[in-house]
Amino acid sequence: MSKLILAINAGSSSLKFQLIRMPEEELVTKGLVERIGLKDSIFTIEVDGEKVKTVQDIKDHVEAVDIMLDAFKKHNIINDINDIDGTGHRVVHGGEKFPESAAITDEVEKEIEELSELAPLHNPANLMGIRAFRKLLPNIPHVAIFDTAFHQTMPEKAYLYSLPYHYYKDYGIRKYGFHGTSHKFVSQRAAEMLDKPIEDLRIISCHIGNGASIAAIDGGKSIDTSMGFTPLAGVTMGTRSGNIDPALIPFIMEKTGKTAEQVLEILNKESGLLGLSGTSSDLRDLSEEAESGKARSQMALDVFASKIHKYIGSYAARMHGVDVIVFTAGIGENSVEIRAKVLEGLEFMGVYWDPKKNENLQRGKEGFINYPHSPVKVVVIPTDEESMIARDVMTYGGLK
């Protein structure tokens, strides 16, 4: 018997939703509420492939959910709100408390709130969505799916920082990692495409979008990942610096007179591709600029690819080899150029990739880009975090 599951991603003033029929993983509709709590909020829903947009004031997330449910009935997507069988909520930080997704109870809600100090921008916003759905749909299971949960299998040697140990014990300072739902989805899909048990595979997953992280997945479990205590760590990103020498922060403060908060803002929002190029955080813009001879744009692309390339080598060493390299997310799925730069020179590791196949895979296409004889397979997989969320609602919401 099919179930209708809502996959939800709530921001402080936004609410993204997808209604998915399970277990078929068929998208029924999707949409977005923007500018919640502001004047002229925008509600967009997809009906028969067309976007239907309305502008009205929406005061809070409860009203946003109410409007969404009304739209479902108005457009005959559902007959009654009781047709919805469960909801799944993306929650950015689950800390060490949540090594897997969890059915939401009052206790779980309280624990998500307590973890807000680890994700002050995201967890409170995710909670707004959870509370709105629990209020309006009280009789169905609601499940929290944590970005950090997949990486809770990392061993101590991967997640501990070389700081006084009591900082970890007292304040929870350690590597947590993010994009877990995406890494989990593409690693499972890669195993399906290879027709091999995931337990037998060593996978390096490259989630490369405006935010980017690399994960080492051994036997289906994350054993290391590039992001850290926050999503600022790791590789160069659209506007984030990735790893830097921590002593740079007081040095920049001294040289510029900026506060620690201001420097952190620069590292999060003015660095990465944007900071290096001085023009854009968008890879497409930088590729065009590089082609027209802008040296700084080319340099930004080279730095970006080089950091990812380095992590692949590092994680191959961590797993004593690699069987599959996966590219996913906006840049990973679409940038022929970045994939080529990242893979360049990896033949010593058994990576032999086909430039023609690489050229053909973009705009949501899935497939292998390695030569048949390549010991290491290279695959492009469009990520689908919403389907992963819906799967977890079925499992943890007791709907299977």
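Every residue, even glycine, has its Cβ placed from backbone N, Cα and C.
Listed features, source Swiss-Prot:
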type	residues	note
BINDING	N9, E385	Mg(2+) binding site
BINDING	K16, H207, I208, G209, N210, G211, D282, L283, R284, G330, I331, G332, E333, N334	ATP binding site
BINDING	R90	substrate binding site
ACT_SITE	D147	active site, proton donor/acceptor
SITE	H179	site 'Transition state stabilizer'
SITE	R240	site 'Transition state stabilizer'
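What Swiss-Prot annotates, mapped onto the structure for a quick look.
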residue	record	DSSP (3 states)
K16	ATP binding site	strand
D147	active site, proton donor/acceptor	coil
H179	site 'Transition state stabilizer'	coil
I208	ATP binding site	strand
D282	ATP binding site	coil
I331	ATP binding site	helix
E385	Mg(2+) binding site	helix
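Note on proximity: of the binding-site residues N9, I208, R284, I331, the one nearest H179 (site 'Transition state stabilizer') is I208, by Cα distance. Per Cα geometry, R240 is the residue among the recorded positions N9, R90, D147, R240 nearest to N210 (ATP binding site). N9 (Mg(2+) binding site) has a Cβ environment of 22 other Cβ atoms inside 10 Å. Classification of N9 (Mg(2+) binding site) by DSSP places it within a strand. Look at the recorded positions R90, H179, R240, R284 and count other Cβ atoms within 10 Å of each Cβ; R284 has the fewest.
Per the record's binding annotation for ATP, residues K16, H207, I208, G209, N210, G211, D282, L283, R284, G330, I331, G332, E333, N334 show a top Cα-Cα distance of 25 Å. Here the CA atom of the residue listed as 'substrate binding site' lies 19 Å from the CA atom of I208 (ATP binding site). The recorded positions R240, R284, I331 include none with a CA atom within 10 A of the CA of N9 (Mg(2+) binding site). Other Cβ atoms within 10 Å of the Cβ of D282 (ATP binding site) number 16 in total over all chains.
Annotation for I331 (ATP binding site): spatial neighbours I208, G209, A212, L283, I338, criterion Cβ-Cβ under 8 Å with sequence separation of six or more. Of the recorded residues, D147 (active site, proton donor/acceptor) and R284 (ATP binding site) place their C-alpha atoms 27 Å from one another. Every protein chain shown contributes to the tally, and the Cβ of I208 (ATP binding site) ends up with 26 other Cβ atoms within 10 Å.
The Cβ of K16 (ATP binding site) lies under 8 Å from the Cβ of I8, N9, A10, K30, G31, L32, each of these being in the same chain and 6 or more residues away along the sequence. Within 10 Å of E385 (Mg(2+) binding site), judged by CA to CA distance, lie the following recorded positions from the set R90, R240, D282, R284, E333: R90. Taking CA atoms as the reference points, R90 (substrate binding site) and D282 (ATP binding site) are 25 Å apart.
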